[in-house]
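Shown below is the structure under consideration.
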């Protein structure tokens with residue numbers, strides 16, 4: 001049976017600048033539970049401890065978000081996203097105290113070593129720990145396998161490849177998922193973004209390659225061009241004969257029901273989202289890049305290229321400002337140089 005992890009109340013928070021209310025969390029968690037969703041992930045878009053001036057502040061804290069969801073769930077498991085450095089061991093302790101069932105410890109795809117203490121902390125408490133390798137397009141299959149093996153050794157019960165930038169094509173997904181499935185003794189999962197319009201296709205390919213866990217959001221509600229759309233994914237999975245706890249009818253009822261209290265809009269793939277996917281930049285960076293380009297008066301797509309050259313990972317918003325400022329200075333120097341040349345030619 002394929003396990004579906006619903007990130008609507010976590011990754012979806014990116015789409016509305018992390019402003020989900022307690023009432024929305026409770027209503028969606030209850031509806032997802034009734035729809036037979038396996039895991040309902042809740043929190044700031046960047047996970048436990050993510051609320052900040054830099055990343056965006058939530059109107060309610062982690063405790064209230066998790067307590068609200070916990071009270072709404074009966075059969076679905078409650079999950080959280082945790083990035084070491086943004087969150088602390090105390091944040092996991094709080095989540096475990098409240099009754100979180102699944103802690104997804106996420107690191108950059110080449111930094112799995114920093115996940116050890118947090119995976120161990122979760123397992124010691126008797127809860128489920130998943131390892132998550134973010135920005136997975138930035139490492140080849142052999143490197144990803146080596147990193148996933150570290151997480152497995154630390155006690156992770158599954159490893160999820162996260163295509164954080166929506167960069168991957170089906171051939172890349174197949175090669176990487178197959179490598180992990182062949183090399184690990186634990187389940188493999190896949191988390192897609194739709195920047196290139198491939199989220200559902202990539203998720204299906206991941207399942208064909210042996211993945212047992214897929215992430216999705218109702219109506220694709222998520223960062224950038226959105227995540228894998230839950231309803232579309234379940235429909236395609238039914239067509240392909242994949243067994244799940246939910247059904248297309250249940251997730252369609254879930255999607256329709258959310259219009260009354262959440263009303264998530266299925267994201268459209270804008271040129272900025274395509275650029276983010278093409279250049280391999282974290283999907284949540286799009287509004288920050290657009291804002292910086294406007295403030296500094298520089299070309300938005302040139303800024304994408306510059307940031308791609310810097311190989312940005314999640315949590316480096318300050319470098320967006322740095323590169324936009326550098327582009328503006330270079331532009332001003334070029335204009336001054338061109339002005340001198342024109343004056344010399346006119347003399």
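Each residue's number is its place along the chain shown, starting with 1.
Backbone N, Cα and C atoms are what each Cβ position is placed from, and that goes for glycine too.
The structure displayed is predicted, hence computed values, not measured ones.
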Among 6, 11, indicate the single residue that Swiss-Prot lists for the Mn(2+) site containing 191, 193.
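Mn(2+) site check in Swiss-Prot: besides 191, 193, the record includes 11 out of 6, 11.
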According to Swiss-Prot, 10, 11, 191 bind substrate; so which of 21, 164, 171 is the extra one listed there?
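Candidate in the recorded substrate site: 164.
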Rounded to a whole angstrom, what is the largest C-alpha distance between any two of the residues 10, 11, 164, 191 that the record assigns to substrate?
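Maximum Cα-Cα distance: 14 Å.
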Would you mind giving the whole-number mean pLDDT across the domain 'Pyruvate carboxyltransferase' (2-252)?
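Looking only at the domain 'Pyruvate carboxyltransferase' (2-252), pLDDT averages out to 97.
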In which DSSP state, out of helix, strand and coil, do we find residue 14 (active site, proton acceptor)?
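SS state of residue 14 (active site, proton acceptor) = helix.
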Can you name the residues of this chain that are 6 or more positions from residue 10 (substrate binding site) yet have a C-beta less than 8 Å from its C-beta?
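Within the chain, residue 10 (substrate binding site) has Cβ neighbours under 8 Å at 41, 42, 43, 44, 45, 47, 80, 81.
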